[in-house]
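Engineer: Handing you a structure now.
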Amino acid sequence: MKIFREVFELGNKEIILETGGMARQADGSVTVSCGNNVVLVTTVVKKSVADGTDFFPLSVHYLEKTYAAGKIPGGFLRREGRPSEEQILISRLIDRSIRPSFPDGFFNEIQIVATVLSYDGAFSPDILALIGASASLAISGAPYDDVVAGVRVGYTNGKYILNPNKQDLRDSDLDLVVSGTYDAILMVESEANSLPESVMLGGILYAHKHLKTIINSINRLAKVASKPRIEYSIYQINKFLKSQIKSQFFGEIKNTYTIALKQERNLKLNAIRKNVLEYIFSSDVDGNEYTEKEILEAFHDIEKDLVRSNILEGKPRIDGRCTETIRPINVKIGVLPGVHGSALFTRGETQALVVTTLGSDRDAQLVESLDGIEKCRYMLHYNFPPYSVGECGMVGMAPKRREIGHANLAKRATQAVFPNEEAYPYVVRVVSEILESNGSSSMATVCGSSLSMMDAGVPIAEPVAGIAMGLIKDGAKYAVLSDILGDEDHLGDMDFKVAGTRYGVTALQMDIKIKGISREILEQALEQARVGRLHILGIMNEVIKEHKEAVSDVAPQIHVMNINPAKIKDVVGRGGATVKGIVEKTGAQIDTSDSGEVKVFAKDKKSMDMAVAMIEEIVAEVEEGQVYKGKIVKLLDSGVFVNLLGSQDGYLPFSEIEQAGMKTNSLVEGQGLEVLVQNIDRGGRVKLSLVAR
């Protein structure tokens with residue numbers, strides 16, 4: 001058993017790549033170590049293409065084992081279940097990073113599994129998994145010539161931080177992951193605190209500069225440990241078939257791509273496809289028998305060439321816009337009467353209905369990870385039903401990876417403006433229902449989420465808007481597109497989503513289908529996105545530009561009280577009897593903490609006010625010189641104890657009672673008396689006198 005090892009430094013941390021010791025029956029197997037973090041990444045490549053496959057079946061699975069952190073899983077079975085959303089997001093991040101590096105037309109199945117074996121809690125293992133995926137591919141024999149690497153970058157006090165740990169990220173204004181090849185950037189994922197475009201671009205370029213160290217190390221490992229290149233074929237469009245279809249139908253196709261409405265355009269294209277199939281099947285084109293799949297792929301290639309060439313030649317886009325024009329936008333808020341906050345955001349043929357719901361601490365999501373259980377106060381969910389694109393399909397199933405990814409992007413885009421718990425004690429759930437989709441539904445979700453939260457009275461720091469940018473590139477010629485359609489995303493070379501406030505960027509997500517893009521294109525895309533974002537924010541601000549001062553009449557009420565910590569036991573009562581009594585009488589939820597914080601959460605203002613008043617009565621402090629109406633709670637030989645407020649009693653001597661002209665032998669427990677607080681000693685003992693009638 002021969003083991004090969006490569007060591008390099010990343011942000012003053014030593015990273016070790018090792019192969020030959022584990023999972024040797026996989027085509028590629030690499031362990032990546034940094035400190036006490038160890039990730040095993042395996043690659044298996046099928047040696048032939050499955051029948052009927054017309055796409056690249058790459059799958060990436062990132063898995064965290066609880067034993068890696070010295071823990072036993074919860075639940076009845078005490079074993080790991082389905083991957084968490086965070087694991088799915090990391091799987092997507094790796095997939096998006098490496099997918100562009102494979103040759104077009106390569107359809108062999110590849111499965112990559114990254115397993116976290118050891119975890120020290122200081123660094124997230126996601127970058128190690130990404131590096132390991134690239135390294136295991138590089139030695140697997142797959143056609144993976146443009147080796148990819150990825151790094152994370154933070155930004156604190158005006159300086160970029162390479163490979164920041166979790167504490168660094170808590171203090172950072174930026175969480176940026178960049179992956180790419182030696183010469184080009186392929187993928188960007190980031191969350192930021194409204195940073196200028198120049199800082200975002202600088203972070204991307206800073207990250208790319210440091211990718212080269214990792215790529216060199218992977219290449220050295222591959223040089224000594226790589227398996228022989230597998231034999232594979234590349235699927236190619238039949239050029240003669242394509243020319244025959246083009247000669248007969250190009251005029252119709254060209255005219256159809258001037259129809260702005262998607263549904264109308266698709267109906268016409270489907271009719272042309274039907275005619276194309278009939279033409280090819282009924283005529284002896286070149287003596288070959290073509291399958292329906294081959295014919296439709298040739299047809300699709302003609303569509304792709306047409307749309308791309310039109311844009312590069314400066315002609316109008318599919319819906320008649322120029323490269324920088326944004327589709328018509330319509331904004332409505334308060335569209336649903338029975339919810340806490342709602343917005344309907346429509347941009348062209350993309351429409352998102354976004355609803356905000358307010359809840360208490362008990363509604364917070366508990367997220368279990370290797371770091372333990374974390375309470376999530378802000379949830380954002382994205383639903384993409386089949387009717388949004390005019391199709392039939394599965395409804396009511398668990399969210400797909402794409403839905404999870406889009407929700408995460410929208411949440412990251414709005415996280416920077418979301419209030420902290422001290423400023424806003426509510427738990428917030430935002431749900432985006434995509435009612436129509438023709439591109440940029442995730443960015444419509446960003447805009448709708450901002451609007452919906454403001455409608456619900458959530459005090460977000462600034463409105464947030466998002467825009468999706470596209471790219472058409474052929475050699476040195478290129479065009480950057482603002483607010484792309486679904487077809488432009490599908491037929492183009494880039495999907496670059498940018499979200500932010502009027503002050504700067506809060507989130508970026510970029511995916512590339514070609515071999516990378518230049519600094520010049522990045523700069524233009526960011527500037528064009530900034531102009532577009534400000535345009536969208538201007539339209540949103542005409543409807544609502546800051547949060548409503550009060551929550552909806554149908555929204556729950558919440559009140560936070562800070563009392564003397566010593567009084568918490570009085571609010572709770574023996575065995576919880578006091579607080580249970582308040583809950584039963586008012587219907588409110590009451591949460592207490594040892595710090596003295598009391599949260600009252602009620603379905604309406606009346607219930608909340610009643611609960612708050614009862615708690616205030618319990619915790620109120622008696623004051624010297626004040627008169628109180630109390631009740632006798634205990635008779636002694638020399639006087640009586642009178643309950644004044646809550647659990648606070650005072651001592652009333654018989655001498656004071658007699659001085660006021662009242663007989664002491666007539667006193668009974670439960671009798672009401674009006675008393676004056678004479679003094680309170682250092683021990684908190686209260687001395688009373690009787691108020692004369």
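Even glycines carry a Cβ here, placed using N, Cα and C.
If you look up Swiss-Prot, you'll see Asp489, Asp495 marked as Mg(2+) binding site, on the strength of sequence analysis. The feature domain 'KH' is assigned by Swiss-Prot to 556-615. Residues or ranges marked as domain 'S1 motif' in Swiss-Prot: 625-693.
Burial and contacts for the listed features, if you can.
Structural biologist: Close to Asp489 (Mg(2+) binding site) in the fold, though at least 6 residues off in sequence, lie Gly439, Ala468, Gly470, Asp495, each with a CB less than 8 Å from its CB. Under the DSSP three-state reduction, Asp489 (Mg(2+) binding site) is assigned to helix.
The average per-residue pLDDT of the prediction over the domain 'KH' (556-615) is 90, rounded to a whole number.
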Engineer: According to DSSP, collapsed to three classes, what secondary structure does Asp495 (Mg(2+) binding site) have?
Structural biologist: strand
Engineer: Near Asp495 (Mg(2+) binding site), how many other Cβ atoms are within 10 Å of its Cβ?
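Structural biologist: For Asp495 (Mg(2+) binding site), the count of other Cβ atoms within 10 Å is 22.
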